[in-house]
Amino acid sequence: MYQIVIETEDGETCRRMRPSEDWISRAEAERNLLASCRAGCATCKADCTDGDYELIDVKVQAVPPDEEEDGKVLLCRTFPRSDLHLLVPYTYDRISFEAIQTNWLAEILACDRVSSNVVRLVLQRSRPMAARISLNFVPGQFVDIEIPGTHTRRSYSMASVAEDGQLEFIIRLLPDGAFSKFLQTEAKVGMRVDLRGPAGSFFLHDHGGRSRVFVAGGTGLSPVLSMIRQLGKASDPSPATLLFGVTNREELFYVDELKTLAQSMPTLGVRIAVVNDDGGNGVDKGTVIDLLRAELEIDLLLGHARRRRRRETARSCREDHRDRCPAWRSDFLEKFLASG
């Protein structure tokens, strides 16, 4: 038996485990850590700071080679070969010590095209007796939605907040996507769909009142919008900036919604960029990285081939700008894979 120490952002918890068990499976009987598919989606990513382990069946998209070298692991794919010390990116109160219901039935309330390649889907959780009830989640989390009559599921982040009582999703349409086809040809108001979740560890962290900078491209706006809406409902006084971008102007969406949100939140600034555009009408020409560079007055290296150097450069920039730009004192990122 090995001693496994899971350290949260504000404490730690221990559990002994047999070598044949991954951490997520062993923990299920007593506690629920943040996880989703149990098969390598990267929701349960953590840092191993000490000990020997074996990572089994991990996709390179979930843990790239450079991250694996740095000690990144997926708890659902990590099998200990010695005592381990693991760091998770959330606080102790995110761990549940009782069973959590993760399967739900929901009804489609709206399914509307909001740009050339984006659909707004609104769901309402329901019970068999048609009583509508809310589904509790943390802004930034996601659920899996199943196409009726199939076993095909896709993961999408909520753009709404739990207090609204509805689940709003901003979904990109892909040419050969199964869920994209469902949205365009089959989805109807009143139709019921199965949900699984919520899941995910990408959410707002305590930042001590410092300013926040949110960066979102395309439908990556969805979880960010949920977070900002939550800040608005809480009347959070901290300065916040949203940098949002798309490739072409016809792909723009929620411009009016963002403008209204900024008007209702005096501490929120919104900037929008379009790559293939001359700018104007409240839109800048360029990428969200261009907006971020202007916001922080630093240079970033781009390109997949330079990922390691980019990360090292960004880390150096954070060190150089900690005093001048509080937003760089901590950063949180969630990678999104195309999901049609």
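Numbers run from 1 along the shown chain.
Backbone N, Cα and C atoms are what each Cβ position is placed from, and that goes for glycine too.
Listed features, source Swiss-Prot:
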type	residues	note
BINDING	C37, C41, C44, C76	[2Fe-2S] cluster binding site
BINDING	215-229	FAD binding site
DOMAIN	1-92	domain '2Fe-2S ferredoxin-type'
DOMAIN	101-205	domain 'FAD-binding FR-type'
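Projection of Swiss-Prot feature records onto the structure.
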| residue | record | CB count, 10 Å |
| --- | --- | --- |
| C44 | [2Fe-2S] cluster binding site | 26 |
| C76 | [2Fe-2S] cluster binding site | 24 |
| V215 | FAD binding site | 18 |
| G217 | FAD binding site | 17 |
| T219 | FAD binding site | 24 |
| L221 | FAD binding site | 24 |
| P223 | FAD binding site | 26 |
| L225 | FAD binding site | 26 |
| M227 | FAD binding site | 21 |
| R229 | FAD binding site | 22 |
Taken over the domain 'FAD-binding FR-type' (101-205), the model's mean pLDDT: 88
Coarse DSSP state, helix versus strand versus coil, of V215 (FAD binding site): strand
Distance, C44 ([2Fe-2S] cluster binding site) to L225 (FAD binding site) (CA atoms, angstrom): 22
Pairwise Cα distance for C76 ([2Fe-2S] cluster binding site)/L221 (FAD binding site) [Å, integer]: 28
For the domain 'FAD-binding FR-type' (101-205), the number of residues DSSP places in helix, strand and coil: 11 helix, 48 strand, 46 coil
